[in-house]
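Undergrad: Straight from TrEMBL, here's the annotation block:
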- H171, D173, H227: Fe cation binding site (BINDING)
- 308-317: compositional bias 'Basic and acidic residues' (COMPBIAS)
- 150-287: domain 'Fe2OG dioxygenase' (DOMAIN)
- 290-326: region 'Disordered' (REGION)
Amino acid sequence: QVFRSQLSISSVSDQDAYRAGLQPVSQWKAYGLKGYPGFIFIPNPFLPGCQRHWVKQCLKLYPQKPNVCNLDLHMAPEKTIDLWGQSKEQLRRKGSSKWEPRSLLEKLRWVTLGYHYNWDTKKYSANHHTPFPSDLAFLSEQVATACGFRGFQAQAGILNYYHFDSSLGIHVDESELDHSRPLLSFSFGQSSIFLLGGLKREEAPTAMFMHSGDIMVMSGLSRLLYHAVPRVLPNPEGTALPSCLSQALSSDLPVGSVIEHSSDEDWQVCAKYLQSSRINMTIRQVLAEGQKFPEESGANGKGQAPSEDSHHEENSRAKRLKPNTV
């Protein structure tokens, strides 16, 4: 049921892989699943310490304006300008009690980047767009190229922030106008169960684990499959954080690296957050080369989510389906 997938090793130079914080593609392992053409699973290909950069970006930088997050629905704009600054001391001091008040960062459910997904209409639009982070675009381009998708453009991102009582209901990502380009998924922090279903909602899914650093690519016939995250699980190593997150970053980064060193102070905050959380980045190309959005009469495309739970469910389980197991 599981087989080794071929990667396009020569299409990404070792130097570009290093610049993105990745091992040379020749050292990656990649797997496919029988019956799911176009699905590729890459167990943690990151260089030691490099996952920390992406965790810090997802907590400190990417939630900043002009990007959009679920807290914008409930709070005045000036209250969500610096979630990191308002949360870091509270997070650093946090104990293990469930009754402690949650910081703003712990209330973060999702952030959108680039073309901002409209949860109301389930569409993207030309006039709700902010610059896509250049470091994340570079990482995504290297991974896509290694998987055979030259010229991939990272145009939209949805970051999901999970806790042990979070889940993501069964859904399909079909709002992008170009389905010939892959969906890239990056996971950091605690582990989870991922359900990969079929083209119809009721088809029994296959269950698999996702651990910190793992990358999934949904392309081809697997691009429009239903999928869900019903459970977030403690790191199976039994430690507060996976060992791959305890590794320090090399002091000599290559020229042009998009990876930045995190201060010890910043990493302490990130590590405390990740002890009970998981972060997932899904990156998409919305438009084909030269393609434009269709004209929409009377719509400004800037609608926000009707509720912060429209995509991300907490204290609830994804629709129960009998999974196959991997």
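Placed from the backbone N, Cα and C atoms, the Cβ positions cover glycine too.
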Undergrad: Let me spell it out: for each of the binding-site residues (H171, H227), count the other Cβ atoms within 10 Å of that residue's Cβ, using every protein chain shown. Which one has the most?
TA: H227
Undergrad: Mind giving me a neighbour count for D173 (Fe cation binding site)? Other Cβ atoms within 10 Å of its Cβ, every protein chain shown.
TA: 18
Undergrad: Starting from the Cβ centroid of H171, D173, H227, which together make up the recorded Fe cation site, report each further residue of the same chain whose Cβ lies within 8 Å of that point, ordered by sequence.
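TA: Same chain, not in H171, D173, H227, Cβ within 8 Å: I170, V172, L225, Y226, A228.
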Undergrad: Per DSSP, what is the residue tally for the domain 'Fe2OG dioxygenase' (150-287) in helix, strand and coil?
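TA: For the domain 'Fe2OG dioxygenase' (150-287), the helix, strand and coil counts are 17 helix, 51 strand, 70 coil.
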